[in-house]
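Feature annotations, courtesy of Swiss-Prot:
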DOMAIN    3-145  domain 'Clp R'
REGION    85-145  region 'Repeat 2'
BINDING   Gly205, Glu206, Pro207, Gly208, Val209, Gly210, Lys211, Thr212  ATP 1 binding site
REGION    340-549  region 'Linker'
BINDING   Gly609, Pro610, Thr611, Gly612, Val613, Gly614, Lys615, Thr616  ATP 2 binding site
REGION    772-869  region 'C-terminal'
Amino acid sequence: MDINKMTYAVQSALQQAVELSQQHKLQNIEIEAILSAALNESESLYKSILERANIEVDQLNKAYEDKLNTYASVEGDNIQYGQYISQQANQLITKAESYMKEYEDEYISMEHILRSAMDIDQTTKHYINNKVEVIKEIIKKVRGGNHVTSQNPEVNYEALAKYGRDLVEEVRQGKMDPVIGRDEEIRNTIRILSRKTKNNPVLIGEPGVGKTAIVEGLAQRIVKKDVPESLLDKTVFELDLSALVAGAKYRGEFEERLKAVLKEVKESDGRIILFIDEIHMLVGAGKTDGAMDAGNMLKPMLARGELHCIGATTLNEYREYIEKDSALERRFQKVAVSEPDVEDTISILRGLKERYEVYHGVRIQDRALVAAAELSDRYITDRFLPDKAIDLVDQACATIRTEMGSNPTELDQVNRRVMQLEIEESALKNESDNASKQRLQELQEELANEKEKQAALQSRVESEKEKIANLQEKRAQLDESRQALEDAQTNNNLEKAAELQYGTIPQLEKELRELEDNFQDEQGEDTDRMIREVVTDEEIGDIVSQWTGIPVSKLVETEREKLLHLSDILHKRVVGQDKAVDLVSDAVVRARAGIKDPNRPIGSFLFLGPTGVGKTELAKSLAASLFDSEKHMIRIDMSEYMEKHAVSRLIGAPPGYIGHDEGGQLTEAVRRNPYSVILLDEVEKAHTDVFNVLLQILDEGRLTDSKGRSVDFKNTIIIMTSNIGSQVLLENVKETGEITESTEKAVMTNLNAYFKPEILNRMDDIVLFKPLSIDDMSMIVDKILTQLNIRLLEQRISIEVSDDAKAWLGQEAYEPQYGARPLKRFVQRQIETPLARMMIKEGFPEGTTIKVNLNSDNNLTFNVEKIHE
């Protein structure tokens, strides 16, 4: 017995047989140990052949185990188990060797062991019974005329079935979604496939535009016989490159597998069209020192026209991998696959609608499909149609499906209330005092009412679930009948096709309509139902909001109120700048109502005015009121961009420079939060060339970063602040606080000297902030003191400041050229510092109120007024 004349699978089975003998404490390797090991080998050919012959493999394996247990085990010291081979096992190998010679093979393979076992082993004979000829035929089919010339022959057996999937067969079985549209690309692919040489199309397009769908569409046309005569007998196999590479342990095994696949394709005489998705992976696949990569193995067959191949890859990967190998590139014909427009996407979604309804057991409204196409096109800018629209519909269906599977909120609340009352009831039953008895009686009455309510709701939910289940079942039956009709028409079974088309399908459609009408009549409007089974445009809007953070769903009442009173909310934080507040809040309202220009940002403003008048504060308060947090504001301090080259920090370093992979500060922030407030603070400090980047943001609502990706700014509010012209404003403002026309012109003159006209012309509005008046200061004092009280609240302390003291604080800190900041510092010195010293020195108890007054010497006095008990 020469182990080197056996395949790796047989060698592995013998090794496993030795281990089995050791487990059973047997000195000899019995025939059952070898056969059991062969059966349990990973990817066992022995097992695969028996399964295809419909033999109970598990029972056969158990029979081998039972037979092994009948052999006498040997106990003792220094006994070597599994060192010798039994007479019957030796006969098995000898007989297998004779089969090897009969098949003209070079190595003993698993099929030889199986043939030998069928002749020698009684257990195997018993289970195979009268299926000997069937197994011989299966072995012949599996081998496919190949000879065992290597120690890993299984690689060559049925290579296409192992490393690919038959798309035409999947279409026949109804496993594939229908392909709608893409007729021109499919026709182009068919034309290229019909050529004599270089008949290999490669589909090139962005991810998600439907490259794979075109090949699936071709497979569907082949099944429907809607192709030229030359393609009628063809089948399309999708090659699974990952399966081809996975588990290739030995050097050259990958090449061996690929050669086996190509050999099968070649021997089919052009009947098999090989589809390789992500074809760029072939370039370099399996490449090791001195080895040939997969791309080079394909070239000769492609050139001779022996291999019909369809490839699919993206533009970037085609350029990076295939264009570099010009010899491979010239063997393919390019078919450009462009992104479909919104109308085509809606048609595609309508075609897929029924399949998704049947799969999820829901009903999809047409307006949900329209919303999915339109909203995904508008808001999800980093992906492509129709993929992103299909994903939206699928996600919305899954959301409704999960809701249908769980209890409605109303019933859930009642269930929890009943459980709570039952626990309370069991506790009160153990009490004997009158108060507890009284409470128990009240509780039992409430529990009875809640249980009655629970039963009514449960009954309603069960009724709705039953009706929905009936609808789902009827839709599934209709889908199966339509699939059966297609099969009957394809197979020219006219009698069955007529029965389905004019009998079964109309009847099922009628029954489905009746069920839907009854459900509609009984349950009323969708809003009255306990369980929702309809996907509407609202669900689509909610999912777009989840994915992007952009609010596109319908306005709820609370948000409606917030938007209508947005200017009032902003006025509470920003004092004295009515025009600026109104302009910003109006822009937000326009955007949320859906009537803003879809190709520009929500708003772009330049705030001009002296320091400390509320320019930055307005941007912060807008972010806080829109997103409930100032953290959603993207703040960029333009004083950091004083050099011309600093613009690369906004959009990312160019290729070849350090930090190219990190992206830009502005572009990356907006990609993560497309709905945000962008504050470009102190713009006059930046280099003027930096603003050239803003041109396309302000006009087109997008910016291309250093990697060539387009970043969408259409859902941002851009606010720039500057102190340009602040001196003119301070000197020429009226006593009433109004800004005169001449002052405005003087400020604009200063502005034109700094900014280029094309930037100023693209802004929605240039807002002049007026210097703060003495009246404004008193309001700001109130605001600062409110914030101080919020901080003190954590220590259960409060502060009350008299009106005289507030007026004195505003008067003393009033410096028009510096705005509100001196007031903040003045309050820190006059109130916060003395208060902090008192707190550290005296340690106020919780509930203390400190009263601050102004004495006759114009000094502030601090009195501990009262302590709350």
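A Cβ is built for glycine as well, from the same backbone N, Cα and C atoms used for every other residue.
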Request  = State the count of C-beta atoms found within 10 angstroms of the C-beta of Thr616 (ATP 2 binding site), not counting that atom itself.
outcome  = 18
Key: Cβ neighbour count (within 10 Å, all chains shown) around Gly609 (ATP 2 binding site)   = 27
Note = The DSSP breakdown of the region 'C-terminal' (772-869) into helix, strand and coil residues is 52 helix, 19 strand, 27 coil
Request  = Please spell out the DSSP helix, strand and coil residue counts for the domain 'Clp R' (3-145).
outcome  = 97 helix, 6 strand, 40 coil
Query = What are the non-local neighbours of Thr611 (ATP 2 binding site), defined as same-chain residues 6+ apart in sequence with CB under 8 A from its CB?
reply = Asn723, Ser726, Gln817, Tyr818, Gly819, Arg821
Query = Once near-sequence residues are set aside, which residues in the chain of Lys615 (ATP 2 binding site), 6 or more away, have Cβ atoms under 8 Å from its Cβ?
reply = Phe607, Gly609, Thr721, Phe769
Query = Of all the binding-site residues given, namely Pro610, Gly612, Val613, Gly614, Thr616, which is spatially nearest to Lys211 (ATP 1 binding site) at the Cα level?
reply = Thr616
Request  = Could you state the whole-number distance in Å separating the C-alpha atoms of Thr616 (ATP 2 binding site) and Val209 (ATP 1 binding site)?
outcome  = 43
Message = I need the nearest neighbour of Glu206 (ATP 1 binding site) among the binding-site residues Pro610, Gly612, Val613, Gly614, using C-alpha distances.
response = Gly614
Key: Candidate binding-site residues Pro610, Gly612, Val613, Gly614, pick with smallest Cα gap to Pro207 (ATP 1 binding site)   = Gly614
